[in-house]
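Reading through the C-alpha cells given below for one structure.
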Amino acid sequence: MPSKVEGWKDEVYGTDVREHLYRFAEEGWNAIPEDERDAWFERFKWWGLYHQRKGQESYFMMRIGTPNGRLTPEQLRVVGEIADEYARGPVENPEFGGAYCDWTTRQSIQLHWIQLQDVPEIFEKLEANDLSTIQACGDSWRNIVGSPVAGRDAKEHLDAWPVIQELHETFKGNDDYANLPRKWKVAVTGDTRGSGQAEINDLGFEPASKEIDGEERKGFNVTVGGGLSRKEPRFARDIDVFVTPEEVPEVAGGVSALFRDHGDREDRFNARIKFLVDEWGPEKLRRVLQEDYVEFELRSAGDGLREEYTYNAGRNDEIGDYVGVHEQTDGNYFVGLSVLVGRMGAEDVIELADLAEAYGSEMIGLTQRQNVIVADIAEEDLDDFLSEDVLEYYSPDPHPFLRGSIACTGTEFCSLSIVETKNRMVRYARWLKDNVELPDGIDDFHIHLSGCTASCAQPQIADISLRGMKTRKDGEPVEAFDIGLGGGLGENPQFADWVEMRVAADEVPGYIRNLLRIYDEASDGKESFREFIDRHDEDELNGLAEPEETSYEDPYLGNTKMTWYPYAEETEMDASPTPSPADD
Amino acid sequence: MPTSVHQLDDGAWLSVNDTRQINVSDLWWLARHDFCSCEMADFLAEGFVDIGVDYPNIEGRIAGQCIECGESGVTDWLTLGRVVDPEAGRFFGVDPGSVHVPVRRRRLALPDE
Ligand code: HEM
Ligand code: SF4
Ligand SMILES: [Zn+2]
C-alpha cells in the first residue's frame, strides 16, 4: 500500500501547491485546517518550506536552491536583505545574532523563523532576482551541486556550468519529474578537484575522458545511488556509462524517470535509489536504463580522474577546498572565505555583497564545505580586498580547526535532531584553536558534526566524524556523540570507522586533543592524518585515544531538544511564544 | 472524529490528529524487553517506525539505541499515549522517563499506512 505521504502527494503536489500556500499566507496560519496540517507541511516542502520543530509552531525554515552554489553579488544582497527583514525569531542566537543565513552542505541557502504571511513577498523579491525556493525540499530534483567556479577555475577538466544550467532549467518545475518517491540529489563535477562530491549523491556525473571515433572526448562517468543517511551510507555505484556533455540531460532524465517508476513508494525508509541499486545491482540498472529510458546506445565508462581529486580528499600535498586566493583562467582571482559552520549574519552578508560589487565581482560561490567564494577580483585590487574588515572574521587564511569544521542545523530548529550542533561546533573549533597545538603535517583537518543519523553535515566523510547521541553522566542524561575516524573522498573514498561511542559532548574536544598528540608522536610529519588513521585497523582505533574533560565548557550539555529554543532565557516548552500571533 | 496518527519527517515525530505529540531524542526506560541484554534498557528514540491505534491507546515501534550497552534496532510495540475522549481527540502522552514494557503482538487498527 502506498504510504500516507504518497496519498497526500496524489491529491496536491508540485507547482500546484503554490496557490494554496498563497491562500494560507493571505488568510493566516489558522486558516490551515487543523486536521490537514501534516499534509500541507509535507507539500510545502516542494516549495522550499520546512516546518520547524516542536515548540516553534507556525515558523518555517526556507531553503533557496542555488545551482552550483552560484549567485551574483546582487542576488547575495537580496538574500541578506530578506534574512534581515523576515528571518527573525522571538529570540536571538547568542553566537550569531538575530538574523542570519546558512550556507549548506549542498550549496543552498537556509533561512529560519519564516512565517507564512511573509512568503508571497519573499517569493516576489526572490523571483524578481532570478532566485527561487522551488523543489528545495520534498520529493523531487533538489539543488544541483558542483563547482561554483566552473569556467573560471584553472583546475578544470571541462566547464560543467552550462550542463548544470540546462539540467536546472529542464528539471525544475517539470511535471514529469515533480513527484518522485523521495528526494533526488544530483551532482555534476567538471573540475579535477572532485568538488561536486558526486560520490554521495543519488546521481553523479564525474569528469572523465573517452576515445570516440578515434577522438579523445571530454565528458562524464555516471554513478548512481550514493547517500549517507540512516546508518546506511553508500557511495554512488559506477554503472559503466560515459556521456558527453550534450548527452547529460537525456541520461539524467532517464535515470530519474527510472527512479520515479521503480522506486519504493510504500516504505519511505527504503525509497532512496541507493536501496534500488542495492537490490538490482548496477548492471540491471544500466540495462533497464538502456532498454526503457534512453534512445541512443550507451557507451561504457571512460577514464576517470579520481586520483587527481583534492576536495575533502585528506591529502597532504594539496587542499582542494577553494579557501584562499586562486588565480582564474582569465587572470583575475577568486578568493575563498571560511565561514565557520556556514552561518553568516545578515548584515555581514549584505556587506560582503556590497564589497564584491565594489570590486567588480560578478560571481559569489557557495561550497559544500559551507564556505563562500568571491570571484573576479583583479590582481591589482587583491591586496586592498584582502585587507577589508569583513575578511578578518571570514578569513581566506583560517586556522585549520576553523577551516575544516562543518555542522548541520541540529536542535535549534530540526525535528530529527538529538543534539545541539552549530553553536557547539563553533565552541569546539575555538577551544581547539586556543588549546591544541597543531602537529607538524596537518594543514587541513576536517571535523563534521551532525545532530542525528540523517547525516546532513556529511559526518562519515571527515577526519573526525561526530554524530549526535545521548549518554548519562552521574546518572543524568547528557548530549553526546559517536566518534568516527578516517572518512573522506578522493581517489579512494572511504566512510569513517565508528570507534568511540556515546562520548559526552564535553569530552569530545579532549578526545580530539589526545588523538592529535598520539598522531604527533607516531607520525613523521609526511603522513597525512587520514593516512595515519588508514594504516590502523578498526581494533587498533578503538580506544586509541581517551575522551576527557578539559577546560572546555559546554553550555548545551542538558537536553536541548526538550526546550522550545535552546538559547531562550525561559527554555521550557511551555514558555514557547509560538504559534506567533498573526500580526501584520 | 476518527483518531488520525502518523509519523512524519522521516519518523522524527508522532502526530496525533495533526498535532505534534512525541519527539525523537527522548530516553525511554524499557523493562521486560528483549531489545538488548540489559535488564532495563536505557533507550534513545531516534525514529518512529510503525504507529498503530488500539483504543484508547496509541502504540508505536521506535528505532533507536540502548545507551547503556549500545545495542541498536527497533523496539516491539510500546504504548506512546492515549486518546481519552475520541470526540475531542485529546491526547495524553506517556512519560518516556517512566518504565515501559514493549509487547510483541498486538491486534492493531493500523492507520492507513
Ligand atoms: C530542518 C533541517 C533539516 C532536516 C529536517 C533535514 C532532513 C534530512 C533527512 C531526513 C535526511 C535523510 C535523507 C534521506 O534518507 O533521504 C537528510 C540528509 C541529508 N541532508 Fe538534511 N535536513 C535538514 C537540513 C539540512 C541542511 C542544512 C543540509 C544542507 C543542504 C542538508 C543536507 C543533507 C545531506 C547532505 C544529507 C545526507 C546525504 C544523503 O543521504 O543524501 N540537510 N536530511
Ligand atoms: S543531520 Fe539530523 S539534526 Fe542535523 S540537520 Fe540533518 S536531520 Fe537535522
Ligand atoms: Zn542495553
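From the backbone N, Cα and C atoms, a Cβ is placed for every residue, glycine too.
Now, the feature entries from TrEMBL:
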type	residues	note
DOMAIN	A:52-91	domain 'Nitrite/Sulfite reductase ferredoxin-like'
DOMAIN	A:95-128	domain 'Nitrite/Sulfite reductase ferredoxin-like'
DOMAIN	A:137-292	domain 'Nitrite/sulphite reductase 4Fe-4S'
DOMAIN	A:326-387	domain 'Nitrite/Sulfite reductase ferredoxin-like'
DOMAIN	A:402-542	domain 'Nitrite/sulphite reductase 4Fe-4S'
COMPBIAS	A:540-552	compositional bias 'Acidic residues'
REGION	A:540-559	region 'Disordered'
Remote residues contacting the region 'Disordered' (A:540-559) - C-beta distance under 8 A, at least 6 residues beyond either end = 411, 419-420, 423-424, 427-428, 431, 435, 470, 473, 476-479, 483, 485-486, 497, 499-500, 503-511, 513-515, 517-518, 533, 566
Long-range CB partners for the domain 'Nitrite/Sulfite reductase ferredoxin-like' (A:52-91) (under 8 A, at least six residues beyond its ends), listed in sequence order, are 29, 44, 98-101, 103-104, 107-116, 118-119, 121-122, 125-126, 129-137, 142-148, 150, 160-161, 164-165, 167-168, 172, 346-350, 352-354, 356-357, 361-368, 409, 411, 413-415, 417, 561, 563-565, 567-569, 573, 576-580
Secondary structure of the domain 'Nitrite/Sulfite reductase ferredoxin-like' (A:52-91) by DSSP, residue by residue, totals 17 helix, 8 strand, 15 coil
DSSP-assigned states of the domain 'Nitrite/Sulfite reductase ferredoxin-like' (A:326-387) in counts, ordered helix, strand, coil | 24 helix, 20 strand, 18 coil
Quick one: average pLDDT across the domain 'Nitrite/Sulfite reductase ferredoxin-like' (A:95-128), no decimals.
-> 96
In the region 'Disordered' (A:540-559), how many residues does DSSP put in helix, strand and coil?
-> 2 helix, 0 strand, 18 coil
For the domain 'Nitrite/Sulfite reductase ferredoxin-like' (A:95-128), the DSSP helix/strand/coil residue counts are 13 helix, 12 strand, 9 coil
